[in-house]
Amino acid sequence: MEKNYSLVNWPRSTIGLIWGQECMEATVDIIPDTYKFGASGVCRMTNEKTACKSGFPPSLNLAKAVLEDLDNANTGSSSGVSTTLSKCRDAIDKPVNHSRAKELGIVMVSFIIAHMFLNIISLITAAASGSAFGIPATFVLTTDALFILTSLILCIAMMNYEGGGYLDGVHGQDFSDREMIGIAIWMLLGMLIGRVLSNPWVFFGALCIILPIVLVFTQFLVRTRGFFAVVRAAVAESEG
């Protein structure tokens, strides 16, 4: 079992949409069943076996992982196979802004670390003030909720930077967005919901502030055609 909570998953079937059937057949024994990219590195899953490689800052760079596997397999291959793998390299090495996603990853991890410290501060503040719902504790919890929300938004932005370039031109109904969303996304969302429900004043503030932000960001995802369900619905509507 991998120790890396994935932010985004790339199944072989989705990668096949990027580089076609010829590369799928040529790399059947090279590319794992699923690439899982997380905050601490990348994991490769093959036949329910997982191999992970640590790395920081977090990177969702699919091309780098695939090219590493192709380079390892290219050693000792016949000329025909090498030619095919060369075509596969060109197909996967798309003009994606990996540096921007990497910068977002550093900021995201910084906010998550700050969230951990705010958890401790909130307990100290509540104990010192004698109330978990007082103004000092509520202020800390509200700041914490905003930090978690920012981490979630940065995570989704990273996914769009890395995923958008590869899936440009691919119809939304051709791949599974649920398979691509890693468990870490749901963990961040659960943390946000838990924090909002922990304090009535934070909950009220969320209805007034965070909910509109989420709605605006969802609209942004629709317009930029990311790989989430809301985007899939928008694509289907535009094609209907």
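Residue positions begin at 1 at the first shown residue.
Heads up, the Cβ atoms here are built off N, Cα and C, so glycines get one too.
Feature list (source: TrEMBL):
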type	residues	note
TRANSMEM	104-127	transmembrane segment
TRANSMEM	133-159	transmembrane segment
TRANSMEM	180-197	transmembrane segment
TRANSMEM	203-222	transmembrane segment
Per the Cβ filter (under 8 Å) with a sequence gap of at least 6 from its ends, the transmembrane segment (104-127) is approached by 39, 56-60, 134, 136-137, 140-141, 143-144, 147-148, 150-151, 154-155, 157-158, 161, 191
Near the transmembrane segment (133-159) in space but 6 or more residues beyond its ends, with Cβ under 8 Å, are 7-8, 58, 60, 101, 104-105, 107-108, 111-112, 114-115, 118-119, 121-122, 125-126, 180, 184-185, 188-189, 191-192, 195-196, 198-202, 205-206, 210, 213-214, 217, 221, 226-228
